[in-house]
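Engineer: Sharing the record's features from Swiss-Prot:
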- 9-29: transmembrane segment (TRANSMEM)
- 45-65: transmembrane segment (TRANSMEM)
- 79-99: transmembrane segment (TRANSMEM)
- 149-169: transmembrane segment (TRANSMEM)
- 185-205: transmembrane segment (TRANSMEM)
- 223-243: transmembrane segment (TRANSMEM)
- 308-328: transmembrane segment (TRANSMEM)
- 356-376: transmembrane segment (TRANSMEM)
Amino acid sequence: MKKKPFYKVLYVQVIFAIIVGVILGHYYPALATDMKPLGDGFIKLIKMVIGPIIFCTVVTGIAGMEDMKKVGRVGGKALLYFEIVSTFALLLGLAATHILRPGVGFNIDPATLDGKAVASYAAKAHGQSTVDFLMHIIPNTMVDAFAQGEILQILLIALLFGSVLAHLGERGKVVTDFIDGLTRVLFGIVHIVTKLAPIGAFGAMAFTIGKYGVGSLVPLLKLIGTFYLTSVVFVLVVLGTIARFTGFSIIRFVSYIKEELLIVLGTSSSEAALPQLMEKLEKAGCSRSVVGLVVPTGYSFNLDGTNIYMTMAVLFIAQATNIELTWMQQLTLLAVAMLTSKGASGVTGAGFITLAATLAVVPTIPLSGMVLILGIDRFMSECRALTNIVGNGVATVVVSAWEKELDRNKLRQALTGGGEVTTTETAGV
């Protein structure tokens, strides 16, 4: 097959678009901020099909399961994995901030901080108890769940729908076949929309640099550098070790999903690449049923980048305002962060709202301290989203392996660039 010219390769186009966006934002900030609708429009096009794709993928996956106990088993294994890896992410963020101490030397007086700029985030975070979160998973109506794009609500509906179809067996085959056909149509739409990724990445990056400016990064470069370094260490060491024990290379896996990562980099939203990631994971040998359950659930329960960010940001604010946290307070912070990080969607700004919810239960640190990182949160959002999507991809491969539903031949072919295969070699770790 004839190789594509490099300028027609999607990830090359996205890289070029990001570079052009940065240049425009730096030299023509007023014009660059007007590019925001390009990024917003691309994300809206992707979000338009996320709900239906999750519904169809989960329904067909569950309907094809002969043993309904398997649904609970896969979900249980996924949640166990999420909790273990999330805890590592939270601890790594805490440890890195203690070692590198990015907030030391700021000597900020908490009384001089104006909390008005972060009041809206605090308001959104206030009062979100565990009960509220669980009740929110239940939609008012089925239509409302799709209209609002609530992933967990759609997942609940799909689980019920798929379970009933599995119970009906042959009597439900017509409906299952229809939904399977609809899935193919939806992924066809995603392929069309993905071609617009360079435009979306350009618009989002131009707006970010134009509005906030590269200069806004300078005073807080140490925090940004600490966060990016910690995230890289997490991916290479923590996820890399998990990948190695599962039988694949984290470097090759990251290379395999590079187009999705660049879309996320340009838009700062891991949701922007959700449909493409699901398709890539299936092509890499993960079973549809596992992909359909693990990926959507991971977007609320397995946000590794957000976990690193939360403990790091809280400790940074404490260091910058010269507030000493006891070990008991830090353990409380970890426990609270494990709860507040669940349900945070992979969209831009969600991490900041989650941070507000975490700070609200650590009274010794002023909520107004969030002002210190408000200006750079948008630049840290990219790294959060990138870490989140890699984490969810690895989680899906691992759970597929645990379930002995990982086609290792396909995985090997995909990660080495050998193309698709037709033989099936299903095995677990």
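The backbone N, Cα and C atoms fix where each Cβ goes, glycine too.
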Engineer: Applying the under-8 angstroms CB criterion, which one of 45-65, 185-205, 223-243, 308-328, 356-376 scores highest with the transmembrane segment (79-99)?
Structural biologist: 308-328
Engineer: Among 45-65, 185-205, 223-243, 308-328, 356-376, which stretch has the most Cβ pairs under 8 Å to the transmembrane segment (149-169)?
Structural biologist: 45-65
Engineer: Check the transmembrane segment (45-65) against each of 185-205, 223-243, 308-328 and return whichever range has the most CB pairs under 8 Å.
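Structural biologist: Top-ranked stretch among 185-205, 223-243, 308-328: 185-205.
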